[in-house]
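Listed in TrEMBL:
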ACT_SITE  D13  active site, proton acceptor
ACT_SITE  H41  active site, proton donor
ACT_SITE  K140  active site
BINDING   12-18, 40-42, R302, 328-330, 407-409  GTP binding site
BINDING   D13, E14, G15, K16, N38, A39, G40, H41, T129, R143, Q221, T236, R300  IMP binding site
BINDING   D13, G40  Mg(2+) binding site
BINDING   S296, V297, T298, G299, R300, K301, R302  substrate binding site
Amino acid sequence: MKVDILLGLQWGDEGKGKVVDVLTPRYDVVARFQGGPNAGHTLEFEGQKYVLRSIPSGIFQGDKVNIIGNGVVLDPALFKAEAEALEASGHNLKERLHISKKAHLILPTHRILDAAYEAAKGDAKVGTTGKGIGPTYTDKISRNGVRVGDILHDFDKKYAAAKARHEQILKGLNYEYDLSELEKAWFEGIEYLKQFKFVDSEHEINGLLSDGKSVLCEGAQGTMLDIDFGSYPFVTSSNTICAGACTGLGIAPNKIGEVYGIFKAYCTRVGAGPFPTELFDKTGDQICTLGHEFGSVTGRKRRCGWIDLVALKYAIMVDGVTKLIMMKSDVLDSFETIKACVAYKVNGEEIDYFPFDIEDVEPVYVELPGWQTDMTKMQSEDEFPEEFNAYLSFLEEQLGVPVKIVSVGPDREQTIERYTEE
Ligand code: GDP
Ligand code: IMO
Ligand code: MG
């Protein structure tokens, strides 16, 4: 069997959690391969809303096994809070949630370092989620990290060595901090974590594939936040692209099947960094209000703008997307016209590819008629308004990949699969 991968094509928050939940019944296993509690994946069903940070979004569908892979960074304190809340609402996790021994731990001092580095950057700050993501991946790459598997061997020594090193750096930065509360919650988290199954997830996943089982890999963040291909340095610290699933789970590239690329019918970004199609006017405010565009982790207002097809084409290229999923089209239900960026202007010259630097590019738009119809209760593509079908055809023609799923609201049920020919 092959693995399918679902990942964000924009700057995150495309609706990955919702669609992973919807697709889970078709798979045996769901696995997260990168990121950590910087993610906030929202699911809504039966009148309940859940926000997952480190736990894969396949956790609510039956008894499916969910895996936190080696590419993920895990904060035990935040994990405990997240898992306990799920258990309190009747979801038993202990047997079904497996955690890679090779996943790196976010230490309390990683969180402090995240804040200290941001403070030191001043106006140039990234606007991170403050969860210690960058410093944890930095330690991983510089071969100084502490991993989940270390909890079982010589843990106190490894923790103390990492903490001492971090404190030395913080001293150099002249950064004041108080570790006591964070550290207390963290060690409680470590004790809690020990109740879960620590696995060699590369063996587990490849074994499952050999046994004919199917796996859905869940991306976090989005391609435009990828450490290599995103709007560097305003990115996260992991490979969010399709290849990240290979390194973040131990899956060979020739095992990859479908790549689901997910995008909003418009575009958002949270945190600092260039955003060519950002709107600073009434329309931007309207998208923000109608789309409830506030961060699910930090509560920060998300910046809103029109869809950027130049960036989307680039994401589709680096991810090898085979199927597209369009989210939140209902947010545009009332718009008279809708714009889509089809090229950038750089120093007066028009380009249709994603350049090295998008800081000073100017978007070139085409304007399409809106559908001005409430789509939130629609059940099938047969009900789609003509203008909406025209918008989909335009996107497919521009992007060269079929849109197979359309989401018309936050609930699990508000999801329409298209059966049109590819
Ligand atoms: P993720 O990080 O990619 O999982 O996305 P988030 O959960 O951070 O943000 C997506 C937000 O949009 C959440 O609040 C979802 O409940 C909501 N959402 C998902 N799909 C739709 C949709 O089709 N329409 C509307 N209006 N909201 C949606
Ligand atoms: P999901 O999985 C949107 C952004 C932050 C910041 C940059 C770096 O819910 O789509 P970090 O804390 O990772 O060092 O922050 O990345 N960011 C996200 N934006 N959705 C996310 O996750 C994000 N995770 C990180 O706002 O700009
Ligand atoms: Mg999110």
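Placement of Cβ uses the backbone N, Cα and C atoms for every residue, glycine included.
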Secondary structure at G40 (IMP binding site), reduced by DSSP to three states: coil
Number of Cβ atoms other than its own within 10 Å, given for S329 (GTP binding site): 24
Binding-site residues compared (G12, G40) - the one with the fewest other Cβ atoms within 10 Å: G40
Sequence-ordered recorded positions from D13, G40, K140, S296, K301 with Cβ under 6 Å of an atom of ligand 3: D13, G40, S296
K18 (GTP binding site) versus binding-site residues N38, T129, S296, K301, R302 - nearest by Cα: S296
Whole-number Å value for how far G12 (GTP binding site) lies from Q221 (IMP binding site) (Cα to Cα): 4
Cβ-Cβ neighbours of K301 (substrate binding site) (radius 10 Å): 13
Listed recorded positions adjacent to ligand 2, that is, members of T129, K140, V297, T298, G299, R300 whose C-beta is under 6 A away: T129
Between V297 (substrate binding site) and N38 (IMP binding site): CA-CA distance (Å): 7
Subset of binding-site residues (G15, T129, S329, V408) lying within 10 A of V297 (substrate binding site), CA to CA, in sequence order: T129
Shell list (substrate; ref centroid = CB of S296, V297, T298, G299, R300, K301, R302; cutoff 8 A): G40, V270, F294, G295
Annotated recorded positions G15, N38, H41, K140, S296, K301, filtered by Cβ under 6 Å to ligand 1: G15, H41, S296
